[in-house]
């Protein structure tokens with residue numbers, strides 16, 4: 001017995017439970033974000049054959065100031081497409097100095113009534129800042145007892161809005177003038193899953209009988225949707241919409 005009348009085995013069990021809970025909390029926090037860097041920087045070596053979570057480090061002697069530099073975010077990208085929007089993404093695929101730093105950003109241009117369609121980022125939350133124009137932006141929660149809840153709001157110039165990690169979200173320019181927004185992410189490579197593209201544009205296609213029932217569509221409609229070309233306005237791993245000098 002302890003001085004307070006609590007059996008020692010109970011006290012020991014309580015300590016073990018507390019330690020286990022603290023370790024679980026620490027582990028969940030450690031796994032929730034990109035790995036922390038163990039040096040000042042680890043510029044991505046795109047030519048390395050080493051397979052790691054992210055990119056291997058370039059030899060520090062070969063690093064230059066341009067590895068930390070991107071230009072062109074002051075220039076509007078073309079919105080001449082069926083969605084009326086375009087994204088200039090600055091992630092580790094385009095700026096090697098971001099490797100291991102756990103951040104990325106993008107510029108989004110919207111034509112009048114342009115749309116950044118429903119999508120999610122599996123590896124990062126996002127904060128959006130409206131620089132010009134007005135947007136209707138929102139996200140949908142995961143399944144709840146009340147259904148999938150929509151949180152959406154009209155945003156004006158100077159406003160900011162947060163999209164939680166992994167949740168489907170969108171932005172729509174509900175004005176008759178172009179709009180511009182800048183987004184920041186808590187990952188060097190936030191990932192992108194555009195809902196319509198993933199469902200109807202996967203390669204190979206998802207069988208139509210898998211999609212027809214949950215979407216309450218006929219197989220004929222699903223087949224027609226799968227025959228369409230699904231636009232990717234971000235093209236995360238492709239060349240930037242505005243080339244860096």
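Backbone N, Cα and C atoms are what each Cβ position is placed from, and that goes for glycine too.
Annotated features, as they stand in TrEMBL:
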type	residues	note
BINDING	116, 121, 126	oxalate binding site
DISULFID	42-57	disulfide bond
DOMAIN	71-223	domain 'Cupin type-1'
SIGNAL	1-32	signal peptide
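On the structure: features taken from TrEMBL.
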{"residue": "42", "record": "disulfide bond", "Cβ neighbours (10 Å)": "22"}
{"residue": "57", "record": "disulfide bond", "Cβ neighbours (10 Å)": "20"}
{"residue": "116", "record": "oxalate binding site", "Cβ neighbours (10 Å)": "27"}
{"residue": "121", "record": "oxalate binding site", "Cβ neighbours (10 Å)": "24"}
{"residue": "126", "record": "oxalate binding site", "Cβ neighbours (10 Å)": "23"}
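Rounded to the nearest whole angstrom, the C-alpha distance between residue 126 (oxalate binding site) and residue 42 (disulfide bond) is 23.
A Cα-Cα distance of 25 Å separates residue 57 (disulfide bond) from residue 121 (oxalate binding site). For the pair residue 42 (disulfide bond) and residue 116 (oxalate binding site), the C-alpha distance works out to 32 angstrom. Other residues of the chain with a Cβ within 8 Å of the Cβ centroid of 116, 121, 126, the oxalate site, are 106, 119, 120, 128, 163, 169, 183, 185, 190, 192. For the domain 'Cupin type-1' (71-223), the predicted model reports an average pLDDT of 96.
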